[in-house]
Amino acid sequence: MRTHYCGNLNKSLAGQTVELCGWVNRRRDLGGLIFIDMRDREGVVQVVVDPDMKDIFPIANQLRNEFCIKFTGEVRVRPDSQVNKDMATGEVELYATGLEIINRSEALPLDFNQTNSEEQRLKYRYIDLRRPEMSDRIKLRARASSFVRRFLDENLFLDIETPVLTKATPEGARDYLVPSRVHKGSFYALPQSPQLFKQLLMMSGFDRYYQIVKCFRDEDLRADRQPEFTQIDIETSFLTSQEVRNVTEKLVHDMWKELLDVELGQFPVMPFSEAIRRFGSDKPDLRNPLELVDVADLVKDVEFKVFSGPANDEKGRVAVIRVPGGAKLTRKQIDGYAEHVNIYGAKGLAWMKVNDRAAGMEGIQSPVAKFLSEDVINGILDRTQAESGDIILFGADKAGIVAEAMGALRLKLGTDLELTDTSAWAPLWVVDFPMFEEDGEGNLHAMHHPFTSPLGVNAEELKANPAAANSDAYDMVINGYEVGGGSVRIHSAEMQTAVFGILGIEAKEQQEKFGFLLEALKYGTPPHAGLAFGLDRLAMLLCGTENIRDVIAFPKTTAAACLLTDAPSLANPASLEELAIAVKLAEKKEQA
């Protein structure tokens, strides 16, 4: 039906007759002529309809926004005075000789000239996606997928599919369950990741695997999460963790160079413990210059129990953030930051303004200064390298609360005070994660997943002191977002059984849930390691947006609903009967 895309017309086509298909982006009547800005996925071009073209001029008079149309015409170069530098095709226009209305459009439920609610945009997503901004995002995501396939193919990886209907395994989030009609009362689970199947592929001899695959997690949602998401899944045999990082770092480095013409440079490597200590997060945003500084040793002996209590608790922490120029913050602003850290479990936010460093104690303004000696205050000022005009903010509590609360405060300060360099890219690797973490009741859980190999210990050593073990795991972080995570996997049945035991999975349950894996590990399993990227999150960063829904064609809401199709919906009673399922809905309480 067409010979060219609207957005691809240029001066090299001058004098040629072309056929274009697309939509009316805008119509203008000027000096007897009708001007149509015609749009397709590649861009917009101006079409001129002359009243002398008597066959098509009356049809052009009928055109309204979003009519689906076809134009035939001659590409003409615009006079210099009429060149539109705001359009990629602004040097040319199409002089129409033929016009067909393919389909008319009713008045749109969305207004492209104003901000529409997200609910409206999701309900009429097929219209929202016509906007050039959205179209460009989806196209950039497609280019990213294409680049990944090309890169991995060239590096001898094999694209192999794994099952979507599989068995429920504990991987941290709730599974989406699918009832079996044949095996009544039994359920499949949609995969949270292809983790075990890709490990089995390594055992099968396919030493370099990848897959761009849908994964499903029934978890609470936020701006950068969806119930169904796309993963770039990678697994290798006979590569060390460093070698896996080298390959996957090059993938991202080359992707940014090709798609954005950005040179990321070599990614720094940071141990988990350093990330938590300096930034309060295992996915630090290095564009933000603020850091946490530990001062527990300086306040151990003060009478102020808010500080000395955590300072003398082996599980406690006292840390501060120095905010350059922060002395200008008002009490109302400081109270707002106190409310912010409360969200993360902190009980308050002590502060100290350094109005004049040279004036000694006279230059200090703080509600807690009266509880601290001059030596302690000077020690804090020296350690943080505080200067006149700065403010120091304190966090004192259990170490986990301090890290989370002060880490979140650091990010908010960086945004509010424009300290974070939003024009920069700051990738890094975070490595040497703890193998296990406590759940608050003394039980251990795998920090990543139970198939991650410990670092530098055998099974007996791991069982003797599991809480002290680190894992051979690694996360790639860009601008504060974890975009990929991976690890060396356990490749011996002895070690896998030991890890299951530490996690409280008894022998019988091990066989019920993971018997196939433990059996497979007996037959010459190679050492293997891998990584999975979140394609949605990578695309979000590439497109410069902060909402993952902006780079997914048909996303769900934060309530895991599809406003376009009204999914999820009640099932047909006959279908439920065939599946031997009875649905019991909670009764709604009557309002008084």
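In case you wondered, yes, glycine gets a Cβ from its N, Cα and C as well.
Annotated features, as they stand in Swiss-Prot:
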- E171, R217, H448, R489: L-aspartate binding site (BINDING)
- R217, D218, E219, Q226, E482, G534, L535, D536, R537: ATP binding site (BINDING)
- 195-198: region 'Aspartate' (REGION)
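Annotated features taken from Swiss-Prot, shown on the structure.
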residue : record                   : Cβ within 10 Å
R217    : L-aspartate binding site : 21
E219    : ATP binding site         : 14
H448    : L-aspartate binding site : 20
E482    : ATP binding site         : 17
R489    : L-aspartate binding site : 23
L535    : ATP binding site         : 23
R537    : ATP binding site         : 20
*Averaged pLDDT, computed only over the residues in the region 'Aspartate' (195-198)*: 96
*Rounded to the nearest Å, what's the C-alpha distance separating E219 (ATP binding site) and H448 (L-aspartate binding site)? Just drop the number here, would you?*
16
*Max Cα distance spanning R217, D218, E219, Q226, E482, G534, L535, D536, R537 (ATP binders), Å?*
19
*Compared by Cα position, which of the binding-site residues R217, H448, R489 is the closest one to R537 (ATP binding site)?*
R217
*What is the three-state DSSP composition of the region 'Aspartate' (195-198), stated as helix, strand and coil residue counts?*
4 helix, 0 strand, 0 coil
_Inter-residue Cα distance where the pair is E482 (ATP binding site) and R217 (L-aspartate binding site), in Å_ = 17
*Tell me, by DSSP, whether R217 (L-aspartate binding site) is helix, strand or coil?*
coil
*Could you tell me the C-alpha distance between E482 (ATP binding site) and R489 (L-aspartate binding site) in angstrom, no decimals?*
20
*Please report how many Å separate the Cα atom of H448 (L-aspartate binding site) from that of L535 (ATP binding site), as a whole number.*
19
